[in-house]
């Protein structure tokens with residue numbers, strides 16, 4: 001089945017269009033009868049426009065428009081002739097007017113459902129339309145699951161390189177060359193720890209990650225372990241590389257001025273990059289790009305073993321360790337291995353007794369910020385997790401789950 005949408009929204013369009021009508025109401029408010037259909041709105045620092053003020057929202061997370069993030073000197077306000085609401089951008093007015101006309105120009109080619117906005121269609125295809133969620137955008141083939149879609153190799157118009165000895169095909173010439181070595185070379189690579197044999201060094205190294213590393217090959221500066229002393233020596237060279245840029249506040253050294261400036265934001269609190277969906281700010285643009293994917297649902301990094309998708313390469317790398325068994329970060333006290341460096345830091349507090357997160361109300365200390373957050377709810381009275389069956393509330397999700405089991409037990413006893 002082919003994709004037949006007359007117009008598929010681009011990423012730029014989805015970035016401009018908001019996903020909820022509440023954002024539309026935040027931008028536009030009724031103007032007075034004397035207000036012309038198009039007029040100039042002056043914007044100044046620390047106050048809203050004089051002619052069209054955006055009403056405040058009662059939610060904790062405000063919806064921020066692009067004009068609030070980077071306010072220009074002047075904006076042209078566009079007024080709806082039917083209800084009097086004003087909008088800064090013309091595309092916002094056109095989108096709003098579809099509420100009056102009932103027009104839904106964006107139609108899903110798989111199920112026929114129509115939508116008023118491109119972002120609604122995009123969200124529908126990602127999360128609701130079963131037929132559209134598993135379609136190859138290159139060839140139009142549909143699949144029953146995301147795993148089948150991932151395993152599907154779309155080879156249309158892709159040049160293939162065939163092995164002359166066994167007929168196996170490859171997409172790239174260097175992959176074919178690497179494969180042909182398995183026919184011409186008699187050399188094999190054996191794991192010294194378990195005796196398994198592999199045709200190439202890369203396959204052997206990938207296998208060796210499942211074995212616990214030798215304790216003698218540990219970097220004294222960062223704690224990482226290596227399979228050989230040669231790898232450890234090469235790694236230690238990176239620590240000894242000249243770092244001339246020194247932070248005046250904490251003494252940390254960096255290779256160049258750019259890295260130092262990025263680091264300084266951790267001291268100054270500067271976060272110049274803001275999310276247009278929820279208003280959250282970031283010190284690095286790359287972190288913002290990854291965060292935006294939590295709103296758009298984009299997960300471009302796929303695991304080649306199970307097909308699971310992730311929003312960043314870092315998350316995929318950590319997930320891959322569940323398949324390989326690799327735990328490169330070791331505790332220097334007890335030798336326990338971890339898949340992430342941050343988990344080692346948290347674990348070390350078990351040995352040191354460090355509790356850096358202190359409650360401002362009672363002075364109690366905690367090793368994790370999440371534990372302090374849960375504890376603070378006892379002082380504030382906030383209990384965000386409510387049971388839908390008996391209206392009991394809890395400060396912790398696990399406590400709610402444990403409570404819900406009591407309902408299932410009572411129901412089974414009554415039967």
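Glycine is no exception: its Cβ is also placed from the backbone N, Cα and C atoms.
According to Swiss-Prot, the protein carries these features:
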type	residues	note
REGION	1-36	region 'Disordered'
ZN_FING	78-100	zinc finger
ZN_FING	106-129	zinc finger
ZN_FING	134-156	zinc finger
ZN_FING	161-183	zinc finger
ZN_FING	189-211	zinc finger
ZN_FING	217-239	zinc finger
ZN_FING	245-267	zinc finger
ZN_FING	273-295	zinc finger
ZN_FING	301-323	zinc finger
ZN_FING	329-351	zinc finger
ZN_FING	357-379	zinc finger
ZN_FING	385-407	zinc finger
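Over the zinc finger (161-183) the predicted model carries a mean pLDDT of 72.
Counting residues of the zinc finger (78-100) by DSSP class, helix then strand then coil, yields 11 helix, 5 strand, 7 coil. Here the zinc finger (245-267) does not touch the zinc finger (217-239). Their Cβ atoms form fewer than 3 pairs under 8 Å, with each pair 6 or more residues apart. Helix first, then strand, then coil: DSSP counts for the zinc finger (329-351) stand at 11 helix, 4 strand, 8 coil. Residues 205, 208, 328-330, 332, 344 of the same chain lie 6 or more positions beyond the ends of the zinc finger (217-239) yet place their CB under 8 Å from a CB of it. Beyond the ends of the zinc finger (385-407), by six or more residues, the same chain brings 374, 377-378 to within a C-beta distance below 8 angstroms of the stretch. DSSP assignment over the zinc finger (217-239) gives 11 helix, 3 strand, 9 coil.
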